[in-house]
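Sequence annotations record features per position, and here Swiss-Prot assigns FMN binding site to 50, 51, 116, 125, 141, 142, 191.
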(Lines of atoms letter the chains of each structure in order from A and count residues from 1; the text may use other names and numbers.)
(Lines give C-alpha, C1' and ligand atoms only; values in the text may rest on other atoms or scores of the structure.)
Protein backbone atom coordinates (compact mmCIF):
# COMPACT_ATOMS: atom_id res chain seq x y z
CA UNK A 1 0.00 0.00 0.00
CA UNK A 2 1.37 3.41 -0.97
CA UNK A 3 2.23 5.51 2.05
CA UNK A 4 0.47 8.87 2.33
CA UNK A 5 1.46 11.75 4.59
CA UNK A 6 0.77 15.43 5.08
CA UNK A 7 3.11 18.44 5.00
CA UNK A 8 1.46 20.38 7.81
CA UNK A 9 0.81 24.17 7.79
CA UNK A 10 3.50 25.39 10.17
CA UNK A 11 3.83 28.67 8.20
CA UNK A 12 1.34 31.34 7.18
CA UNK A 13 -0.49 30.80 3.87
CA UNK A 14 0.52 27.15 3.87
CA UNK A 15 2.00 26.55 0.40
CA UNK A 16 0.10 29.15 -1.64
CA UNK A 17 1.90 32.43 -2.38
CA UNK A 18 -1.31 34.37 -2.90
CA UNK A 19 -3.36 37.11 -1.26
CA UNK A 20 -6.59 35.32 -2.21
CA UNK A 21 -5.77 31.89 -0.79
CA UNK A 22 -6.95 30.89 2.70
CA UNK A 23 -5.16 33.13 5.20
CA UNK A 24 -3.71 30.22 7.17
CA UNK A 25 -2.24 31.42 10.47
CA UNK A 26 -0.10 28.74 12.11
CA UNK A 27 -0.99 27.63 15.62
CA UNK A 28 -0.72 24.51 17.70
CA UNK A 29 -4.49 24.06 17.62
CA UNK A 30 -4.61 24.20 13.81
CA UNK A 31 -1.80 21.71 13.39
CA UNK A 32 -3.20 19.44 16.09
CA UNK A 33 -6.53 19.38 14.25
CA UNK A 34 -4.83 18.56 10.93
CA UNK A 35 -2.60 15.82 12.35
CA UNK A 36 -5.35 14.24 14.42
CA UNK A 37 -7.55 14.20 11.31
CA UNK A 38 -4.69 12.61 9.39
CA UNK A 39 -4.28 9.95 12.07
CA UNK A 40 -8.03 9.33 12.17
CA UNK A 41 -8.07 8.69 8.42
CA UNK A 42 -5.09 6.35 8.58
CA UNK A 43 -2.40 8.55 7.04
CA UNK A 44 1.09 7.29 7.69
CA UNK A 45 3.05 10.41 8.61
CA UNK A 46 3.06 14.18 9.15
CA UNK A 47 6.07 16.39 8.46
CA UNK A 48 6.68 19.99 9.50
CA UNK A 49 9.18 22.27 7.80
CA UNK A 50 11.47 24.81 9.49
CA UNK A 51 11.34 28.38 8.24
CA UNK A 52 12.89 31.23 10.22
CA UNK A 53 11.94 34.16 8.00
CA UNK A 54 9.16 34.69 5.47
CA UNK A 55 8.97 36.49 2.16
CA UNK A 56 8.40 40.13 1.38
CA UNK A 57 5.00 40.86 -0.15
CA UNK A 58 1.37 41.53 0.80
CA UNK A 59 0.46 37.84 1.23
CA UNK A 60 2.81 37.61 4.25
CA UNK A 61 3.84 34.22 2.94
CA UNK A 62 5.67 32.33 5.71
CA UNK A 63 6.05 35.56 7.71
CA UNK A 64 4.40 33.79 10.66
CA UNK A 65 5.98 30.45 11.56
CA UNK A 66 6.12 28.00 14.43
CA UNK A 67 9.26 26.10 15.39
CA UNK A 68 9.33 22.54 14.10
CA UNK A 69 10.73 20.43 16.98
CA UNK A 70 8.66 22.01 19.73
CA UNK A 71 5.53 21.74 17.60
CA UNK A 72 6.13 18.06 16.89
CA UNK A 73 6.85 17.36 20.55
CA UNK A 74 3.42 18.76 21.35
CA UNK A 75 1.81 16.74 18.57
CA UNK A 76 3.60 13.60 19.76
CA UNK A 77 1.73 13.90 23.05
CA UNK A 78 -1.71 14.14 21.41
CA UNK A 79 -1.36 11.36 18.80
CA UNK A 80 -0.99 7.60 19.08
CA UNK A 81 0.00 5.99 15.77
CA UNK A 82 1.04 8.48 13.10
CA UNK A 83 4.75 8.97 12.39
CA UNK A 84 6.01 12.51 12.98
CA UNK A 85 8.93 14.30 11.34
CA UNK A 86 10.44 17.58 12.53
CA UNK A 87 12.87 19.61 10.43
CA UNK A 88 16.21 20.97 11.60
CA UNK A 89 18.04 23.92 10.06
CA UNK A 90 21.44 22.36 10.60
CA UNK A 91 23.43 25.61 10.79
CA UNK A 92 21.37 26.76 13.78
CA UNK A 93 21.80 23.78 16.15
CA UNK A 94 24.63 21.35 17.00
CA UNK A 95 23.98 17.71 16.09
CA UNK A 96 24.47 16.46 19.65
CA UNK A 97 21.69 18.77 20.88
CA UNK A 98 19.36 17.72 18.06
CA UNK A 99 20.11 14.06 18.78
CA UNK A 100 19.01 14.60 22.40
CA UNK A 101 15.89 16.48 21.31
CA UNK A 102 15.00 13.57 19.03
CA UNK A 103 15.56 11.06 21.82
CA UNK A 104 13.27 13.13 24.05
CA UNK A 105 10.46 13.16 21.49
CA UNK A 106 10.98 9.42 21.03
CA UNK A 107 10.26 9.00 24.74
CA UNK A 108 6.95 10.82 24.18
CA UNK A 109 6.10 8.84 21.04
CA UNK A 110 8.27 5.69 20.99
CA UNK A 111 9.23 4.63 17.48
CA UNK A 112 7.22 7.41 15.81
CA UNK A 113 9.72 10.24 15.37
CA UNK A 114 12.09 11.19 12.57
CA UNK A 115 14.12 14.18 11.36
CA UNK A 116 14.13 16.09 8.08
CA UNK A 117 17.57 17.55 7.36
CA UNK A 118 17.59 21.13 5.99
CA UNK A 119 20.78 22.68 4.60
CA UNK A 120 19.21 26.09 3.93
CA UNK A 121 18.75 28.13 0.77
CA UNK A 122 17.47 31.61 1.81
CA UNK A 123 20.48 33.75 2.87
CA UNK A 124 18.49 36.44 4.72
CA UNK A 125 16.92 33.77 6.91
CA UNK A 126 20.35 33.13 8.40
CA UNK A 127 21.93 36.59 8.08
CA UNK A 128 19.29 38.01 10.43
CA UNK A 129 20.82 35.82 13.17
CA UNK A 130 24.45 36.51 12.35
CA UNK A 131 24.88 33.32 10.30
CA UNK A 132 25.98 33.23 6.67
CA UNK A 133 25.08 31.03 3.73
CA UNK A 134 28.37 31.62 1.95
CA UNK A 135 29.41 30.20 -1.44
CA UNK A 136 31.64 27.84 0.54
CA UNK A 137 28.60 26.64 2.50
CA UNK A 138 26.58 26.06 -0.66
CA UNK A 139 29.49 24.10 -2.14
CA UNK A 140 30.05 21.93 0.97
CA UNK A 141 26.59 21.81 2.58
CA UNK A 142 26.08 18.09 2.01
CA UNK A 143 29.54 17.27 3.38
CA UNK A 144 28.47 19.20 6.49
CA UNK A 145 25.14 17.34 6.58
CA UNK A 146 26.87 13.98 6.23
CA UNK A 147 29.01 14.59 9.30
CA UNK A 148 25.96 15.94 11.16
CA UNK A 149 24.02 12.71 10.63
CA UNK A 150 27.01 10.56 11.55
CA UNK A 151 27.31 12.33 14.92
CA UNK A 152 23.61 11.84 15.65
CA UNK A 153 23.68 8.18 14.66
CA UNK A 154 26.72 7.57 16.87
CA UNK A 155 24.82 8.96 19.84
CA UNK A 156 21.56 7.16 19.08
CA UNK A 157 23.14 3.75 18.55
CA UNK A 158 26.06 3.78 21.00
CA UNK A 159 25.24 6.54 23.46
CA UNK A 160 28.66 8.10 22.90
CA UNK A 161 30.47 9.82 20.04
CA UNK A 162 34.13 10.57 19.49
CA UNK A 163 33.56 11.54 15.87
CA UNK A 164 36.38 13.56 14.33
CA UNK A 165 35.57 15.28 11.08
CA UNK A 166 36.16 18.50 9.21
CA UNK A 167 33.11 20.23 10.68
CA UNK A 168 32.48 18.41 13.97
CA UNK A 169 34.79 17.01 16.65
CA UNK A 170 33.20 15.10 19.51
CA UNK A 171 35.06 14.45 22.76
CA UNK A 172 33.44 11.59 24.68
CA UNK A 173 30.05 13.14 23.90
CA UNK A 174 27.31 11.24 25.74
CA UNK A 175 23.60 10.67 25.17
CA UNK A 176 21.27 8.85 27.53
CA UNK A 177 18.57 7.69 27.41
CA UNK A 178 18.92 6.54 23.85
CA UNK A 179 15.92 6.26 21.51
CA UNK A 180 13.75 3.18 21.75
CA UNK A 181 13.94 2.55 18.00
CA UNK A 182 15.66 3.64 14.80
CA UNK A 183 15.09 7.34 14.13
CA UNK A 184 14.62 7.80 10.38
CA UNK A 185 16.43 10.65 8.67
CA UNK A 186 14.88 12.18 5.57
CA UNK A 187 15.79 14.94 3.14
CA UNK A 188 14.70 16.68 -0.02
CA UNK A 189 17.79 16.29 -2.16
CA UNK A 190 16.90 17.36 -5.70
CA UNK A 191 20.41 17.90 -7.07
CA UNK A 192 22.77 15.04 -7.84
CA UNK A 193 24.80 15.80 -4.70
CA UNK A 194 21.68 16.14 -2.58
CA UNK A 195 20.38 12.80 -3.79
CA UNK A 196 23.70 11.18 -3.01
CA UNK A 197 23.58 12.55 0.55
CA UNK A 198 20.10 11.13 1.16
CA UNK A 199 21.06 7.85 -0.51
CA UNK A 200 24.07 7.46 1.78
CA UNK A 201 22.58 8.69 5.06
CA UNK A 202 18.81 8.98 4.71
CA UNK A 203 15.77 6.73 4.77
CA UNK A 204 13.50 8.67 2.39
CA UNK A 205 13.97 11.42 -0.19
CA UNK A 206 11.13 13.88 -0.74
CA UNK A 207 11.01 14.99 -4.36
CA UNK A 208 9.06 17.42 -6.50
CA UNK A 209 7.71 16.96 -10.01
CA UNK A 210 7.58 20.57 -11.19
CA UNK A 211 4.66 22.97 -11.16
CA UNK A 212 2.43 21.28 -13.70
CA UNK A 213 -1.27 20.64 -13.20
CA UNK A 214 -2.82 17.15 -13.22
CA UNK A 215 0.28 15.53 -14.71
CA UNK A 216 0.55 12.00 -13.40
CA UNK A 217 3.81 10.88 -15.00
CA UNK A 218 6.07 13.81 -14.09
CA UNK A 219 7.79 12.13 -11.13
CA UNK A 220 9.20 9.14 -12.98
CA UNK A 221 12.53 10.70 -13.90
CA UNK A 222 13.20 11.98 -10.38
CA UNK A 223 12.18 8.69 -8.77
CA UNK A 224 14.52 6.83 -11.11
CA UNK A 225 17.36 9.16 -10.09
CA UNK A 226 16.64 8.54 -6.41
CA UNK A 227 16.66 4.78 -7.03
CA UNK A 228 19.91 4.98 -9.00
CA UNK A 229 21.62 6.97 -6.24
CA UNK A 230 20.42 4.48 -3.63
CA UNK A 231 21.61 1.52 -5.69
CA UNK A 232 25.02 3.11 -6.09
CA UNK A 233 25.22 3.51 -2.31
CA UNK A 234 24.03 -0.03 -1.70
CA UNK A 235 20.93 1.14 0.14
CA UNK A 236 17.15 1.24 -0.36
CA UNK A 237 16.14 4.88 -0.10
CA UNK A 238 12.47 5.47 -0.80
CA UNK A 239 11.21 8.37 -2.93
CA UNK A 240 8.18 10.31 -1.70
CA UNK A 241 6.45 12.80 -4.01
CA UNK A 242 5.28 16.21 -2.76
CA UNK A 243 2.09 17.59 -4.34
CA UNK A 244 -0.92 19.81 -3.66
CA UNK A 245 -4.55 18.72 -3.75
CA UNK A 246 -7.29 21.23 -4.58
CA UNK A 247 -10.53 19.26 -4.66
CA UNK A 248 -14.28 19.79 -4.52
CA UNK A 249 -17.51 18.07 -5.46
CA UNK A 250 -17.04 18.92 -9.15
CA UNK A 251 -14.16 19.84 -11.43
CA UNK A 252 -15.72 23.25 -11.97
CA UNK A 253 -15.77 24.09 -8.26
CA UNK A 254 -12.18 22.93 -7.78
CA UNK A 255 -10.85 24.90 -10.75
CA UNK A 256 -12.77 27.98 -9.61
CA UNK A 257 -10.74 27.91 -6.39
CA UNK A 258 -7.48 27.64 -8.31
CA UNK A 259 -8.46 30.56 -10.57
CA UNK A 260 -9.20 32.63 -7.46
CA UNK A 261 -5.80 31.83 -5.96
CA UNK A 262 -4.06 32.69 -9.24
CA UNK A 263 -5.69 36.12 -9.26
CA UNK A 264 -3.95 36.89 -5.98
CA UNK A 265 -0.49 35.60 -6.95
CA UNK A 266 1.99 37.61 -4.87
CA UNK A 267 4.55 38.76 -7.43
CA UNK A 268 6.59 40.65 -4.83
CA UNK A 269 6.96 37.46 -2.77
CA UNK A 270 7.97 35.45 -5.85
CA UNK A 271 10.57 38.10 -6.71
CA UNK A 272 11.93 37.83 -3.16
CA UNK A 273 12.09 34.06 -3.48
CA UNK A 274 13.99 34.29 -6.78
CA UNK A 275 16.41 36.92 -5.47
CA UNK A 276 17.22 34.81 -2.41
CA UNK A 277 17.52 31.47 -4.22
CA UNK A 278 19.62 33.13 -6.92
CA UNK A 279 22.39 33.79 -4.41
CA UNK A 280 23.25 30.10 -4.49
CA UNK A 281 25.83 30.46 -7.25
CA UNK A 282 26.79 26.79 -7.21
CA UNK A 283 23.24 25.51 -7.72
CA UNK A 284 22.77 23.26 -10.73
CA UNK A 285 19.74 22.90 -12.96
CA UNK A 286 18.04 20.13 -10.99
CA UNK A 287 18.42 21.79 -7.60
CA UNK A 288 15.75 23.32 -5.37
CA UNK A 289 17.34 26.76 -5.73
CA UNK A 290 17.17 26.59 -9.52
CA UNK A 291 13.49 25.62 -9.36
CA UNK A 292 12.70 28.53 -7.04
CA UNK A 293 14.42 31.00 -9.35
CA UNK A 294 12.59 29.56 -12.35
CA UNK A 295 9.16 30.04 -10.75
CA UNK A 296 9.18 33.81 -11.35
CA UNK A 297 9.21 33.16 -15.11
CA UNK A 298 5.76 31.59 -14.86
CA UNK A 299 4.21 33.30 -11.82
CA UNK A 300 1.64 31.23 -9.97
CA UNK A 301 0.85 30.62 -6.30
CA UNK A 302 2.79 27.36 -6.02
CA UNK A 303 5.62 25.72 -7.89
CA UNK A 304 4.68 22.18 -6.89
CA UNK A 305 2.62 19.62 -8.79
CA UNK A 306 -1.10 20.33 -8.40
CA UNK A 307 -3.94 17.83 -8.63
CA UNK A 308 -7.14 19.81 -9.20
CA UNK A 309 -10.60 18.40 -9.72
CA UNK A 310 -13.50 16.45 -8.30
CA UNK A 311 -12.97 13.91 -5.56
CA UNK A 312 -13.23 11.09 -8.09
CA UNK A 313 -10.77 12.74 -10.46
CA UNK A 314 -8.20 13.45 -7.74
CA UNK A 315 -8.47 9.88 -6.43
CA UNK A 316 -7.89 8.53 -9.93
CA UNK A 317 -4.87 10.80 -10.47
CA UNK A 318 -3.34 9.82 -7.13
CA UNK A 319 -3.80 6.17 -8.06
CA UNK A 320 -2.22 6.76 -11.45
CA UNK A 321 0.83 8.32 -9.78
CA UNK A 322 1.09 5.67 -7.07
CA UNK A 323 0.54 2.63 -9.27
CA UNK A 324 2.39 3.65 -12.42
CA UNK A 325 5.53 5.32 -11.03
CA UNK A 326 8.10 2.55 -10.59
CA UNK A 327 9.95 2.85 -7.29
CA UNK A 328 7.70 5.48 -5.71
CA UNK A 329 7.22 4.62 -2.02
CA UNK A 330 4.79 7.34 -1.00
CA UNK A 331 3.14 10.72 -1.47
CA UNK A 332 3.17 13.78 0.79
CA UNK A 333 0.10 15.99 0.48
CA UNK A 334 -0.50 19.67 0.91
CA UNK A 335 -3.91 21.32 0.60
CA UNK A 336 -5.20 24.77 -0.24
CA UNK A 337 -7.24 24.67 2.98
CA UNK A 338 -5.82 22.10 5.37
CA UNK A 339 -8.76 21.41 7.68
CA UNK A 340 -11.29 21.21 4.84
CA UNK A 341 -8.82 19.47 2.54
CA UNK A 342 -7.92 16.78 5.06
CA UNK A 343 -11.61 16.08 5.67
CA UNK A 344 -12.27 15.90 1.92
CA UNK A 345 -9.36 13.52 1.46
CA UNK A 346 -10.37 11.24 4.30
CA UNK A 347 -14.09 11.19 3.56
CA UNK A 348 -14.30 11.30 -0.22
CA UNK A 349 -10.92 10.76 -1.94
CA UNK A 350 -9.02 8.07 -0.05
CA UNK A 351 -11.95 5.60 -0.03
CA UNK A 352 -11.83 5.62 -3.85
CA UNK A 353 -8.09 4.96 -4.09
CA UNK A 354 -6.97 1.47 -5.11
CA UNK A 355 -3.44 2.31 -3.92
CA UNK A 356 -4.78 2.83 -0.39
CA UNK A 357 -7.38 0.06 -0.38
CA UNK A 358 -5.95 -3.33 -1.39
CA UNK A 359 -9.39 -4.98 -1.24
CA UNK A 360 -10.80 -2.38 -3.63
CA UNK A 361 -7.92 -3.01 -6.02
CA UNK A 362 -8.45 -6.78 -5.93
CA UNK A 363 -12.19 -6.41 -6.54
CA UNK A 364 -11.65 -4.10 -9.51
CA UNK A 365 -8.95 -6.32 -10.98
CA UNK A 366 -11.29 -9.32 -10.75
CA UNK A 367 -14.22 -7.51 -12.37
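Note: Cβ is positioned from N, Cα and C throughout, glycine not excepted.
The binding residues for FMN are recorded as 50, 51, 116, 125, 141, 142, 191; their greatest pairwise CA distance is 21 Å.
Within 10 Å of the Cβ of residue 116 (FMN binding site) there are 21 other Cβ atoms, across all protein chains. Of all the Cβ atoms in the protein chains shown, 22 others lie within 10 Å of the Cβ of residue 141 (FMN binding site). Summarising the environment of residue 191 (FMN binding site), the number of other Cβ atoms within 10 Å of its Cβ, over all protein chains shown, is 19.
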